[in-house]
Amino acid sequence: MISSFHRPTVARVNLQAIKENVASVQKHIPLGVKTYAVVKADAYGHGAVQVSKALLPQVDGYCVSNLDEALQLRQAGIDKEILILGVLLPNELELAVANAITVTIASLDWIALARLEKKECQGLKVHVKVDSGMGRIGLRSSKAVNLLIDSLKELGADVEGIFTHFATADEADDTKFNQQLQFFKKLIAGLEDKPRLVHASNSATSIWHSDTIFNAVRLGIVSYGLNPSGSDLSLPFPLQEALSLESSLVHVKMISAGDTVGYGATYTAKKSEYVGTVPIGYADGWTRNMQGFSVLVDGQFCEIIGRVSMDQLTIRLPKAYPLGTKVTLIGSNQQKNISTTDIANYRNTINYEVLCLLSDRIPRIY
């Protein structure tokens, strides 16, 4: 989807806030712990290349989801370690090795396929994934991990790290978290040749379970200034939300009692009122279920009326504002604020999803 620079809808990304958020977390973790910045999914909608360059002096490496995301960073001149968190099949290994990209290997089946396809792993850097209870990818026993590490070394790979991921580190009930932690510790203790790097700490673990940090952390959502738990747990230190979303009024009119607005005529005016049109819609990631939510105009909350369309939404205004008047969808407007978590709560989802759904049709301004 092409970025639409010739309309007023933009996302503003504060790179300094991201740098300060990472620094705040680093102050609360032990010295010598390696920091990976998680910039998958275009840095959660903030711009992977721009964020990675901004954090270059502060972090030891980056985590991405797949090979294409890793190659994007290499092509942008990022020369620090890049770890792919997802599974890369053996037929893509040559690109990974050629670009010094570290891969995750999560099963003995992967080794079997590599051997079947006669793939060598000479020069390949690997982190092994352990499934301690997340249930997605990873090995489940020390025996399996030992066999995998031995097999990888036979094929010429350098096994640098081993890691896991917690399912409930952002929840108040830490029963499942502790079960996973003990599972992982026991598995690590059973390794015959433990890799140099051991990491399990995502954003939530880094800030609420710092006593469980091994020797590396993966900082994702906290880097962008958001609480991993939404609003369930209090942050131990302040963060700055790095992304704001704004647009402008492009049409203002008065409607009369009985007039309807939007697809399905789901909104009927009870009296005469001003309606403003804003050029953002579900194609931009502002989903249809945002009808009834409010945005900010002139420091006042204005309700979204009628269904959100693909490219536009409509809001009830307290008066007739001039065309071009600023509309804030995420961020501050005259001392009032709408957070990404406010939107997530309204949608009954998580703040991660709100950011990741913001499409590339919305230009990012830095």
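Each residue, glycine too, has its Cβ placed from N, Cα and C.
Taken from Swiss-Prot, the feature N6-(pyridoxal phosphate)lysine covers LYS40, and the record attributes it to sequence analysis. Residues or ranges marked as active site, proton acceptor by Swiss-Prot on the basis of sequence analysis: LYS40, TYR263. Annotation comment: Swiss-Prot describes ARG136, MET310 as substrate binding site, evidence class sequence analysis.
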Residues that sit under 8 angstroms from the residue listed as 'N6-(pyridoxal phosphate)lysine' by C-beta distance, when 6+ apart in the chain: ALA48, CYS63, VAL64, SER65, ASN66, GLU69, LEU85, GLY220
C-alpha spacing of MET310 (substrate binding site) relative to TYR263 (active site, proton acceptor), in angstrom: 11
Neighbourhood of ARG136 (substrate binding site), C-beta criterion under 8 angstroms, separation at least six: HIS165
Close in space, distant in sequence - MET310 (substrate binding site), Cβ under 8 Å, 6 or more apart: GLY281, TYR282, ALA283
DSSP state at the residue listed as 'N6-(pyridoxal phosphate)lysine', helix/strand/coil: helix
Neighbour count (Cβ, 10 Å) for TYR263 (active site, proton acceptor): 11
